[in-house]
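Undergrad: Pulled from Swiss-Prot, these are the listed features:
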- D89: active site, proton donor/acceptor (ACT_SITE)
- K152: active site, schiff-base intermediate with acetaldehyde (ACT_SITE)
- K182: active site, proton donor/acceptor (ACT_SITE)
Amino acid sequence: MITRAELAAMVDHTLLKPESTAEQVAELAREAGELGTYSICVSPSRLDVELPEGVKLATVCGFPSGAHPSEVKAVEAADSVAQGADEVDMVINLGLAMDGDWDGVREDIEAVRAACPEPTVLKVIIESAALSDEQIVAACQAAEVAGADFVKTSTGFHPAGGASVEAVRLMAQTVGDRLGVKASGGIRTTEAALAMVEAGATRLGLSGTRSVLEGLDS
């Protein structure tokens, strides 16, 4: 059985509401230190935050629609890294995915990867709830070829929904141990979080982190 500390170390403690205040972001960082999460994930305009020792700083790019031009995403990602972001969670161009233009999807990811090279960690949000199984596989393959470090299920803002165990399992099967898999969007209970890990998630995006962790033994 996974412990509370082990699960916390897999969590991006997340606050991406557009109306988030500086004080709320500061409280998020304090909570991350208290709970022992891997990182905090905040909007690009909220990266000026004091972090507890050991807590990484993650942000988003092209969020939440993914429909921005690649050049705009690249500038946004580079600016976030310049502000101290350790990790960037970018949204794919979902319209290109729906077109079946997987070269276009890959090139969009490559533009962001070029703007934030290693050691910056690049996660690619594919909006799995909006995709068929075949599209999920193709999106994961495009992310891998483009040099991403993780594939991620969801923004949490798409009307199609958030993470599902089935999508996480398929994503994990597609990328194997070559990329990480982040489950995010609608994970509100301990049971849901554990199910995502069991399905193959190696990182979790949670906004209700405390309540999820409290369901586990310390």
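Keep in mind that glycine also has a Cβ here, set from the backbone N, Cα and C atoms.
Please go over these features one by one and say how buried each is and what sits next to it.
TA: Listed in sequence order, the residues of the same chain lying 6 or more apart from D89 (active site, proton donor/acceptor) and placing their CB within less than 8 Å of its CB are C41, A58, T59, V60, C61, F63, K123, V124, I125, K152, K182, G205.
Of all the Cβ atoms in the protein chains shown, 29 others lie within 10 Å of the Cβ of K152 (active site, schiff-base intermediate with acetaldehyde).
When Cβ atoms from all protein chains are considered, those within 10 Å of K182 (active site, proton donor/acceptor) total 30, not counting its own.
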